[in-house]
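Record features, source TrEMBL:
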type	residues	note
ACT_SITE	169	active site, charge relay system
ACT_SITE	202	active site, charge relay system
ACT_SITE	511	active site, charge relay system
COMPBIAS	872-912	compositional bias 'Low complexity'
DOMAIN	160-543	domain 'Peptidase S8/S53'
DOMAIN	589-701	domain 'C5a peptidase/Subtilisin-like protease SBT2-like Fn3-like'
DOMAIN	958-1042	domain 'SDR-like Ig'
REGION	872-918	region 'Disordered'
SIGNAL	1-23	signal peptide
């Protein structure tokens, strides 16, 4: 047998994202070759979970006999099999085993499923935790219980006493003070011991969210207890067979509440762990994290949270910032009480009074130095928080108080970890502190910072924009079967909790909103009733809807967020427990897609109170989502929202007597004027307003598309031969050259999975294979029209690979390629002629029905193993993956290089950018102001041009220019010899005080004297030993500011005098072409701050337009926008150079978002042709000594004819200093 050996025994999938699907052509693919995105979790080689037929009726002895029979059958086929886990010995819920096959083959999974007595089988997959913790000293940070009203229950004595919560996680540090007496025990699923050591920290943190308690910090149910099922070792990964063992163990132990904070991004209700979770959820309350992949947008649910009947939990950011009190005393008798917020929530838990001074710089550019017994207050800069910490902590002070600026908001700098033992306090406080300090210091007063030990917390509402909003990371549903996921939302952003070794930490994720719901369940179970089904219905019917917040916009974008993101909304613990009207029917109404739509549903209500209640019935719609683009790829974060809504047909009211149960019928209609297959996901709630003041609501969601026809593959995957020498992609059988996969040489197969599929595979079939030969399950045979097997991808840089087929794969929007090295069972591919079969099973499809598959074939190609001959199959009758017209090489796509001002190509077919014109206007000569002396004829040429280009065209008087100096001295020189040239007084800011270098050493030094205009090079003794001094260099320079203001359009000859020659390079100052978009850069001082302006000016002649959209960003995370100086204006009058000299301000109506790190504007009115729309964006350097500031922007001009011009991204840079 030919065997392909992997680089690593552990299989994982390594991925890189590449351009979107609609860019599919050879040019674009060749320009961005990267491996395909992940199809699913990494597979544990040779390990399988096997479920036996017979269900729960089988006894343990029967299961063991069945297992022995299955193993015997497999061994008779040559497999070497060992049982890893016997699940029947744990719980009767799942009758099966996990097995390890040391000589795993390609067809093992199919043979397992076909074995007598086997109901189903799955490969074992790795599962990884993706949470980072910022640790701190033991002190409180966060109190989310106000928004969920849990604090009200605590005041009533409802704290979960006696209720057990079973957590499946990484273990727990039961000795932690915040968990004292709250850990009832647990089991180690890895080694079947009771060792619960948590070297990861995740399980300890999760446990503290439920039952944590100390002087300042309280979990949701501080009097409940946790029972831990440890499924992780000392790394961040486990496997789903161990997770299954943990779920079954919790089930077998009769756990009322099971909490699981893990999962993978394969959002299928029918995936293995989802199905098991659904089974357990029939009798238990199973609560699972919805996932942290919000950036992937809609239709990106996770498993096992997608299981039917489980409570999947979304995340909401903390609304309160928990600060700590301090006081500043002035020697003038005044004082200032403040609250400070530390990066990780710790308080300065000591009584101290230290002298306080004020830094004249900012937290990115401090000016003062001090000692550990002193405090410094400093204005907050705009550079990255970690850089602020690193910069400040090196200045020697022991206490740092950073007062806010530019409305950045007082919030946790959670990226900062204090690693300097000399720093006792590093905190942010409100901007008003800085104003007060300046007044006191200007009056000559001394200041003291006072902090008291054991201070009470000083919680305040967050002024951080995302506070209290849905977390951007929370995963969006629905599942690929169109079910709800998430079901409910709870606090999970900026969570404070216990960490091993008596520490605390801050972290964010649905990992922590999940135990929050588990804690509320403990309150309900302990004080109301142990009823998982009723709890699920109560929690959804009493939840509060949340608005739609876009992290990318940093703003609210609609009144009610789509239920695909928030589920039923934010949990309300008081209503959950107190309401007397109970929903008895389904908690969430999934209307499904257009193929499986059920419009009419029955809602059943029970009145457990002592009085009759009448309900008014109404409807509230959430924002609808345009789920997919024109190529049927789901939109990523943040998907477009639509102003369309469904409607209901229902009675106006219903009356329910005390103790009675009533039902009503509701028909839910899809939004009007939507195309049947538009792909819109619409949702809302049926609202029941009770005469007793209780409001119940039933969430619903529908998908306006046929998900069966929403095929996972847009079209045939494209297969090419890649030539590394030329960078070209050629047809797969180019020049008939054979591939050698065993030597890591194979075709590149480009594809993307835009929607869910139960199974996706890349296979090899014979050259004469046709779609009519397809039958599932496929079996390997030989011959020109046979299926040979699925492939294994080539290992990536980490030695990881993918075995096809992939079941329940993760969808991904970005085109990537796979190459293969052998068959998925590890055997090498024999010499021969093959085609690539790409196949994907549609959602709701039957694998045995060929029409339910997408099947695509490549052209035939040859494979050679070693020197074995290649047999020919003759016929080539299949569909080609490449167009017949593309039989020539396709090179990498290129973009024409452009100048930094106006010769810029648009990214659309219409250009809005200026091109060179003739130069009408004045002709002047700028005279040199000195007569230089020194070496005669030292300079061969001196030219002047706009910086960075070869043109003398100047479009902006403030632009940097550069002198190109070419020297040629044939003789040796004495040390001290000088070569010089003189410039006009209008040329300033010439680079100075530098050295002249040659490859063999230092030649001399250079200097510039602004008063005389002389630039001089003084040679050292190097010139005495070398002749023929030839070379060139460049010098930055500018026009003097006073000359800029009076500059007229025309030609300017710049006299450059040297001993022996005089040069007159021309500079052409062109009037701005107001038929094209114009860019301008400038710098100014505002107080003591240098401000850089990038002005983007759009002429009315480009229109008429409907709107102009503008968004800006910075190349460096350190830089920021100065919103108070940023404007949007309409230029109405112009000087001789066509520069704006009069304008009207439209900033208020145009700027949609301006913060230090975000700028977006939208102008939705027309202007006349001779006016100009100007975006004048003010920018600040985070690091004041940085040489360059770079500004990137996008511009979209939507014309009234329906077309759009502009481009996605353009970057401008301003160099602060001459070079």
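Residue 1 is the first one shown; counting continues down the chain.
Including glycine, each Cβ sits where the backbone N, Cα and C put it.
Long-range neighbours of residue 169 (active site, charge relay system) (same chain, six or more residues apart, CB within less than 8 Å of its CB): 202, 203, 206, 207, 228, 229, 230, 231, 232, 260, 261, 262. In terms of DSSP secondary structure, the domain 'SDR-like Ig' (958-1042) contains 6 helix, 48 strand, 31 coil.
Residue with the densest Cβ environment among the active-site residues 202, 511: 511, by other Cβ atoms within 10 Å.
DSSP states for the domain 'C5a peptidase/Subtilisin-like protease SBT2-like Fn3-like' (589-701), grouped as helix (H, G, I), strand (E, B) and coil, give 0 helix, 62 strand, 51 coil. The average per-residue pLDDT of the prediction over the domain 'SDR-like Ig' (958-1042) is 91, rounded to a whole number.
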